[in-house]
């Protein structure tokens, strides 16, 4: 009847308006695209915020890395800029010499370092250097007779070396038959003054240094490794002229980012809720007027994935900006967490720009191609991933003892991924040692088959999926254009 026709037509118009883009809605009803304008503003201020934080984070990481190199040159005897796993000692005399060398350098640190390093003080004196030994409880080994008697329980001996102990000659005795490791722990402090040039308040750093003499292999080669655990704190008493205004400007930008993202978050959540309500109305409408059940694929058309992307991006940005304000005011020092949040949110913000390019037909073909090819790409990637994992485990087990790039599972995955794109293939072949002919022959078959399978076959198929989808969509656009031209021609002459 007439009433039902009016209801159907009104609902059809409501659906048509819902699926319009912001430009079409503006032309239809004069509705201003507030979300679009807000997203453009967000892109500008979030990018500026990320650049400013990136410079600060870069100075922090550079300071940590340079101090690690300084400590290696200060405390490791005759250290050269080389790979850490190659720095080792082979005689008892060398072990004692290196330990005493570390102790002497720690005592004379203030006379040696050209940086602003200092001892961490506690109750009027500095925190002592700690020497910790790990050794078997009992060990009686006679390689000449092929006999041994060992108690694998590990004991620890801790020797704190404070001011009084270090002022005297340290008498150290090591039982190398039972020795597993010697760890030397020392704590130093420093201030990162390079941030002052960029009008950023300096941070105070706590360096907890661990120097390990590793004898767990008991092979006659004791590896020496220096690790540095860094803690960043607010300096207790500081005064830097000319940074107050700059710091306030950065805080103002961070506050603007939080406000803009919060507004965007509210608008997008409202749009998602409106789409959900319309989807429920649509389902009830079809059931009432047509007696049909709406499929889940049709229901998901009412949930705009771009809004979900923006909601996730805004949430990450708000959390990252709050952390950045805490870092800026020296209440927090979570640089890594903040950089991950801001970096991930920036990726999502810029990916969201593709949605607005989709308003133009020439750019929209990229979005349609990715959307159409995505299911096939996921299915293909799952199948290829199973083969990839098989090669990873095989390479780790068989080639790991003979090749440094296959020594651990994560190294294997990185090495094989590099081989797919043709990076560093020759060196991977070359570094395979020929001490075991059977393993060497297996490595050749393994590498040749992997490169042939992934680089030439699977990668070509992957590209073919996307290319085929692109051609299909392009033909579809051409057919739609022909139909439109034919209809237009018929309307002109009739």
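The backbone N, Cα and C atoms fix where each Cβ goes, and this holds for glycine too.
These numbers come from a predicted model, not from an experiment.
Annotation comment: TrEMBL describes 60-236 as domain 'Mucolipin extracytosolic'.
The domain 'Polycystin cation channel PKD1/PKD2' annotation in TrEMBL covers 338-473.
Counting residues 6+ beyond its ends, the transmembrane segment (36-55) has Cβ neighbours under 8 Å at 22, 198, 250, 253-254, 256-257, 260-261, 263-264, 267, 310, 317, 321, 324, 338-339, 342-343, 345-346, 349-350, 352-353, 356 in the same chain. Sequence annotations record features per position, and here TrEMBL assigns transmembrane segment to 36-55 (among others).
Long-range contacts of the transmembrane segment (250-272) within its own chain (CB-CB distance under 8 A, at least 6 residues past either end) are made by residues 34-35, 38-39, 41-42, 45-46, 48-49, 52, 303-304, 307-308, 310-311, 313-315, 317-318, 321-322, 324-325, 328-329. Annotation source TrEMBL lists transmembrane segment at 250-272 (among others).
Feature annotation from TrEMBL assigns transmembrane segment to 305-325 (among others).
According to TrEMBL, the transmembrane segment annotation covers 337-357 (among others).
For 377-399 (among others), the entry in TrEMBL reads transmembrane segment.
Annotated transmembrane segment per TrEMBL: 445-466 (among others), in sequence order.
Among 305-325, 377-399, 445-466, 305-325 has the largest number of CB pairs under 8 A with the transmembrane segment (337-357).
Within its own chain, the transmembrane segment (445-466) is flanked in space by residues 369, 373, 376-377, 380-381, 384, 387-388, 391, 394-395, 398-399, 416, 419-422, 425, 428-429, which lie at least six positions past its ends and keep a Cβ under 8 Å from the stretch.
Within the chain, the transmembrane segment (305-325) has long-range Cβ neighbours (under 8 A, six or more residues past its boundaries) at 39, 42, 46, 49, 53, 251, 254-255, 257-258, 261-262, 264-265, 268-269, 271-272, 275, 332, 334, 337-338, 341-342, 344-345, 348-349, 351-352, 355. Non-local neighbours of the transmembrane segment (377-399) in the same chain are 406, 408-409, 412-413, 415-416, 432, 439, 442-443, 446, 450, 453-454, 458, 461-462, 465-466; each lies 6+ residues outside the stretch with a CB under 8 Å from one of its CB atoms. In the domain 'Polycystin cation channel PKD1/PKD2' (338-473), helix, strand and coil residues by DSSP number 117 helix, 0 strand, 19 coil.
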